[in-house]
Amino acid sequence: MGKPKVVLGVSGGIAAYKACELLRRLTESGHDVRVVPTVSALQFVGAATWSALSGNPVSTEVWDDVHEVPHVRIGQQADLVVVAPATADTLAKAAHGLADDLLTNTLLTARCPVVFAPAMHTEMWEHPATRENVATLRRRGAVVIEPAVGRLTGVDTGKGRLPEPAEIFEVCRRVLARGVPEPDLAGRHVVVSAGGTREPLDPVRFLGNRSSGKQGYALARTAAARGARVTLIAANTGLPDPAGVDVVQVGTAVQLREAVLKAAPDADAVVMAAAVADFRPAAYAQGKIKKRDGQEPDPIVLVRNPDILAEISADRLRPGQVIVGFAAETDDVLANGRTKLKRKGCDLLVVNEVGERKTFGSEENEAVILGADGSETPVPPGLKEALAEKVWDLVVTRLS
Ligand code: CTP
């Protein structure tokens with residue numbers, strides 16, 4: 001089998017430079033990428049860059065290289081078309097079927113999945129014309145990623161930023177592997193916690209844990225792909241924001257609890273993938289704790305942190321809400337999991353075995369998902385994304 005063929009459409013916005021990073025990720029992971037910029041995209045990044053990074057010729061017009069690749073072939077032969085950045089103008093042309101350059105021709109001839117990663121000023125994104133164009137494209141089966149919120153060109157900030165190239169790449173990888181996702185979480189709001197809390201001892205030290213946040217980010221990313229509005233509460237992960245997800249950054253268990261309690265009353269599902277510290281230092285030293293010659297260090301006194309999962313499971317802030325917990329165990333994994341499920345009172349508990357090289361920081365996971373109804377769903381070793389998909393499958397059945 002040859003390499004999957006990807007068309008990277010680039011339209012004319014300042015974020016075009018970020019598409020170079022997306023292109024590099026696509027080529028390095030074994031895709032044959034043909035870049036199709038618009039004429040205005042070349043104002044930002046020149047054809048030589050696209051050609052050098054992709055190893056393929058670059059043209060903007062249907063009349064270029066006609067003898068080699070008729071313009072219809074590029075779209076026909078593609079396994080995926082991704083347009084990043086997609087400007088308001090390109091979205092409008094795509095929605096209305098205009099075909100006045102090579103990119104718009106390619107979009108009309110493509111029969112493969114199409115992903116748009118829009119980037120524009122907030123006013124343009126929110127304009128009814130753009131809203132309707134996006135709705136039209138989604139109705140026809142295209143994936144339109146929600147832009148990120150943040151710094152735009154110049155001093156403006158707001159919604160309209162191109163998501164991180166690494167995250168656009170993740171969306172492409174998922175669509176290539178699994179096709180355009182069923183929007184079975186559309187209209188739902190889900191809250192996911194991720195990462196590991198840090199409990200400060202003094203201005204420079206904390207008690208922490210080895211959670212990377214990757215499983216929680218995979219849950220957030222897959223829920224967004226399935227159409228959910230996602231609030232990701234991230235504790236100390238240092239990972240790029242998943243595309244189309246609202247991220248709330250927290251540090252400690254107490255801050256995590258506040259953020260969960262704020263978001264949960266409006267959520268159809270809450271998934272607690274974060275590793276929450278059970279204890280925190282009883283006292284916080286305002287100044288750095290210093291060693292003193294000839295003296296033993298003072299012991300660190302700990303106090304219990306609130307159990308967020310048990311609290312939201314007991315209080316059920318919204319009727320019908322599905323609550324999912326995670327349990328990392330080292331021995332008697334399933335028996336401990338069952339006891340924990342009862343103790344926490346959640347609907348599903350994802351139980352995985354942890355060890356030095358297992359789970360923490362790795363791309364893969366293996367688990368059993370226990371249900372309060374007595375069900376047991378084994379998830380074979382695989383990417384954290386696959387486990388995330390299984391969790392949402394079980395959540396969706398419980399929501400409907
Ligand atoms: N959790 C939580 N609040 C805490 C501790 C844990 O909400 N203070 C959540 C985690 O997010 C996870 C689940 O509870 O979804 C299980 O975490 P785990 O640390 O395995 O459970 P513990 O109650 O701490 O049990 P153990 O005695 O095994 O540490």
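Cβ coordinates come from backbone N, Cα and C, glycine included.
Small disclaimer: the values here were computed from a predicted structure and weren't measured.
Under the heading region 'Phosphopantothenoylcysteine decarboxylase', TrEMBL lists 1-189. If you average pLDDT over the region 'Phosphopantothenoylcysteine decarboxylase' (1-189) in this model, you get 94.
Feature annotation from TrEMBL assigns domain 'Flavoprotein' to 5-173.
As annotated by TrEMBL, domain 'DNA/pantothenate metabolism flavoprotein C-terminal' applies to 185-396.
The annotation region 'Phosphopantothenate--cysteine ligase' is assigned in TrEMBL to 190-400.
The Cβ of D278 (CTP binding site) lies under 8 Å from the Cβ of R304, N305, D307, each of which sits 6+ residues away along the same chain. In the three-state DSSP assignment, the secondary structure recorded for D278 (CTP binding site) is coil. Annotation comment: TrEMBL describes D278, K288, P306, D307, I308, L309, F326, K340, K344 as CTP binding site.
According to DSSP, F326 (CTP binding site) is assigned to a strand segment. Note: K344 (CTP binding site) has non-local neighbours D307, L309, A310, S313, G325, i.e. same-chain residues 6+ apart with C-beta under 8 A of its own C-beta. Under a cutoff of 8 A between CB atoms, and with a sequence separation of 6+ in the same chain, the neighbours of P306 (CTP binding site) are A253, V254, R257.
The record assigns D278, K288, P306, D307, I308, L309, F326, K340, K344 to the CTP binding site, and the maximum Cα to Cα distance across that set is 37 Å.
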